[in-house]
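Swiss-Prot lists 1-23 with the feature signal peptide, giving sequence analysis as the kind of evidence. Positions annotated as topological domain 'Extracellular' by Swiss-Prot: 24-303. Annotation source Swiss-Prot lists N-linked glycosylation site at ASN57, ASN78, ASN127, ASN184, ASN202, ASN209, ASN230, ASN300, citing sequence analysis. Feature annotation from Swiss-Prot assigns region 'Disordered' to 272-297. Residues or ranges marked as transmembrane segment by Swiss-Prot on the basis of sequence analysis: 304-324. Marked as domain 'Protein kinase' by Swiss-Prot: 353-623. What Swiss-Prot lists as ATP binding site is LEU359, GLY360, GLU361, ARG362, ASN363, SER364, GLY365, SER366, PHE367, LYS381.
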Amino acid sequence: MITFKSIALTIIFLSYFVSCVSSQRETKFLNHGFLGANLLNFGSSKVYPSGLLELTNTSMRQIGQAFHGFPIPLSNPNSTNSVSFSTSFIFAITQGTGAPGHGLAFVISPSMDFSGAFPSNYLGLFNTSNNGNSLNRILAIEFDTVQAVELNDIDDNHVGIDLNGVISIASAPAAYFDDREAKNISLRLASGKPVRVWIEYNATETMLNVTLAPLDRPKPSIPLLSRKMNLSGIFSQEHHVGFSASTGTVASSHFVLGWSFNIEGKESDFDITKLPSLPDPPPTLSPSPSPPVSTEKKSNNTMLIIIVAASATVALMILIFSGFWFLRRDKIFFIGGARKFSYQTISNATGGFDNSKLLGERNSGSFYKGQLAPTEIIAVKKITCTTRQQKTTLIAEIDAISKIKQRNLVNLHGYCSKGKDIYLVYEYVPNGSLDRFLFNNDRPVLTWSDRFCIIKGIAAALQHLHGEGQKPLIHGNVKASNVLLDEELNARLGDYGQGSRHSTTGHVAPELVNTGKVTRDTDVFAFGVLMMEIVCGRKAIEPTKAPEEISLVNWVLQGFKKGDLLMSCDTRINRENLVAREVLLVLKTGLLCANRSPESRPMMKNVFRYLEGTEALPHDDYLFYGV
């Protein structure tokens, strides 16, 4: 028998069921802060009691993500087209003690599972294997604060539209259009100040617009980015919407203060008074106001100040002359801003240079792994100088080396000197040297995507060292063992700027044998050979090969003349993922760099442009001459 109570319970259950279903199909929401919001947090992401969403803090190599609790239906069930949407959010990026990094992205993805994704430039969304894969079906709008040259970043403060990878299909320096002045005004993403973003997609016109402005400014009439694109192939099902941010060796805190989203309509506007506040910056101490000084005390205070100042001046002069005399005894001066470590600090960090800490030994010195602090791992290179002149020359270069900062170079933190030995303190790069990946079987086989990225990274590093309009810094020893790979397999060129040292057999330019002088041209020659080694997976000289294959350069040249350059490609590379156009580009560029005539070799800026596809290679006939 059906009772009133059973009917009531049924109605309550159906109401609850309908509310659950409708919440799962939610297509419009407005969040002033995220306390109690329908939000899923992953990684380092968290919500403050104030409602402020923090994706990452200033710790290194973090990934933080936050997604709306239920997927959003972005495909039109009545047609093959996707639906229109509009969203707006307010974010802020505050940098740590160093440079800001790496940025955040608004993400639309079919999945919230990003296991295997890399931090830093990959924003916690992709890795080197799946970057650019059309099966990802991911749209991301990136707000990038670190320039990755190998990913075609235009600068270290830009906004980009990313489709299935972190190489933007459209990007622009961060700015907003000022309607009163009728011009774009630059906007610093990592200023620590709130920035509002509007992202709108019109499915009918297949147009995606991205607009941004400071929080206290109205929405500009002209977007920063407008891209005509049909997203129906991407939004073929329900997708998750949210945010992803990451840090690398440089770090920032990434915050989101509010978020509005709507399908087939305009996003709701914010009430700025309801937004959570950002954390206070570290307090700066200001001196307390001095109490008034009586007239009677002024003369006594003045005399006291004179006496103290005179005493301090005398003491300072004594200290300066004592230090000068002490340094004169050794006739070696450490100049500039390079950090000097005590020998005890370096010894403690490496366990007294214990053999268990030994990373490797080369002609140029021995490398040790060390730990300065729980989170600061270092690599220490010990160089024993045979003459005073050698030590003086090396020390003179330390200051110049320490000032060089580029993401594809291994950073020099500082140095230590004791007796005949110099200890160079570098950042630790975890995956070791490139030669172990190319020539040994104890490491995974590098994919073609990895290799091409590594080649472009080395090119960017050499271009930076060689410089433009300034005195170049010659590497002098470009080879696979001097290229280190970080956690994301990015190339980090090391062992640069330490005197004139010749490359190993096979990498030595012909003129170097006669003159003994390293130049930009000899670096270019060595890099050309290294490019071929990376593609072919073998060393420049292999005496056990057939006579026509002993020299890698000659072997590649034979393939070029036969019209079959791909024959020399490393057979371990998965052919399904091989991009023949890129392989040919690298091998031809390598032959051009390995020209026997230094005048015929390109400069590194041209080499980099060849690899980026922004400058065409010379005609093929030109490559035959002089190789």
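From the backbone N, Cα and C atoms, a Cβ is placed for every residue, glycine too.
Remember, predicted model here, so these are calculated numbers, not experimental data.
Pairwise Cα distances among LEU359, GLY360, GLU361, ARG362, ASN363, SER364, GLY365, SER366, PHE367, LYS381, the recorded ATP-binding residues, top out at 14 Å. Cα distances from ASN57 (N-linked glycosylation site) to the recorded positions ASN184, ASN202, GLU361, ASN363 are smallest for ASN184. Note: the Cα of ASN202 (N-linked glycosylation site) and the Cα of GLU361 (ATP binding site) are spaced 60 Å from each other. Residues LYS382 surround the recorded ATP site, their Cβ atoms falling within 8 Å of the Cβ centroid of LEU359, GLY360, GLU361, ARG362, ASN363, SER364, GLY365, SER366, PHE367, LYS381, which are themselves excluded. Nearest to GLY365 (ATP binding site) in space, judged by Cα atoms and limited to the glycosylation sites ASN127, ASN184, ASN209, ASN230, is ASN127. The closest partner of LEU359 (ATP binding site) among the glycosylation sites, by CA position, is ASN127; the full candidate set was ASN127, ASN184, ASN209. Residue environment of GLU361 (ATP binding site) contains 10 other Cβ atoms, counted within 10 Å of its Cβ in all protein chains.
The sparsest Cβ neighbourhood within 10 Å, among the listed recorded positions (ASN57, ASN127, ASN202, ASN209, ASN363), is found at ASN363. Taking ASN127, ASN184, ASN209, ASN230 as the glycosylation sites under consideration, the smallest Cα distance to ASN363 (ATP binding site) is found for ASN127.
Shown are the glycosylation sites ASN184, ASN230; the one with the most C-beta atoms within 10 angstroms of its own C-beta is ASN184. Within the same chain, the residues at least 6 positions away from PHE367 (ATP binding site) whose Cβ sits under 8 Å from its Cβ are LEU358, LEU359, GLY360, GLU361, ALA379, VAL380, LYS381, LYS382, listed in sequence order.
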